[in-house]
């Protein structure tokens, strides 16, 4: 039986934050944990499935591999055994693993590092930049490791083991039949205390700074696409690993083209004489101009497809087309002389209207039949 998508298992979207993933798993763990459903095999399977999904989506490296390769990208992590590779643990251990400050942080009696927060940055591009790709320098306000104490929070000394929890970061408490772990109130889950805080970062191990980064934009990117820069988010507290930076792309509207997938669309206005008699015209594309032949008797709404003049697909490399939508423009602000010529021309057309304006004639015939049948 094929494995379900991890995001589907937890009921979160692809952009879910770590906090949202934890919240979703907590809800499922409370519902399906075997301690709450003794003897229920279906609940046991669902709990294992949820825990496996949580273990992957809350680990930035595993999640990146899963997002790129699917289950195959993390199979080695679980030895191909699926969710069966996980133990249940008691509810206290689970909550301690998920909810840090509430239930104590890490498993196995070790303090859990507080990873830095992920950051989001909106990058606005022109259509040309999105289609052709480029490198763009961005400036991101963030937290970086303190250079004075190298992120430890202690200047000129090392942090000491917490005397309250003996370095575990947690205090185990008994609540009825449940045994839960609570964060140590002295070290706040770190397992260490700082006796001589760094004066530059006030013992946090990090400082605020605007970071300058170069972002490589691949050709074919579009609005809604996201670029992940691993480790470029906020620095963690007390030397903990940094978060990631997600660059969210938004492409500005273009005066000539609008994009649909890998195809570009453009309205091409022509005068009514060119529509009737035909002609040639220069058509702009994102790679220069091309000549388009307008055949005689071209009607408004006619589409011409210029193959290979669209966008190169971001992943497959296939190239879309440029689709030109013909708009026949009615002349305006005519002089009296021009109006006279048009009236004479109209009279000439009426002599053989069925041949010159078949759609108009057919439309009037249909209208006549419609009212006659009433």
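For all residues, glycine too, the Cβ spot is worked out from N, Cα and C.
Annotated domain 'J' per Swiss-Prot: 5-70, in sequence order. The annotation repeat 'CXXCXGXG motif' is assigned in Swiss-Prot to 146-153, 162-169, 184-191, 198-205. What Swiss-Prot lists as Zn(2+) 1 binding site is 146, 149, 198, 201, and the listing cites sequence analysis. Swiss-Prot lists 162, 165, 184, 187 with the feature Zn(2+) 2 binding site.
Overlay of Swiss-Prot annotations on the structure.
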residue	record	Cβ contacts under 8 Å, 6 or more apart
146	Zn(2+) 1 binding site	153, 198, 200, 201, 204, 205, 206, 207
149	Zn(2+) 1 binding site	155, 198, 200, 201, 205
162	Zn(2+) 2 binding site	169, 184, 186, 187, 190, 191, 192, 193
165	Zn(2+) 2 binding site	171, 184, 186, 187, 191
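With pairs at least 6 apart in sequence, the repeat 'CXXCXGXG motif' (198-205) and the repeat 'CXXCXGXG motif' (146-153) have 3 or more Cβ pairs within the 8 Å limit; the two touch.
In sequence order, 147, 148, 150, 151, 152, 153, 154, 155, 197, 199, 200, 202, 203, 204, 205, 206, 207 are the residues of the same chain, not among 146, 149, 198, 201, whose CB sits within 8 A of the CB centroid for the Zn(2+) 1 site. Helix, strand and coil counts under DSSP for the repeat 'CXXCXGXG motif' (184-191) come to 0 helix, 0 strand, 8 coil.
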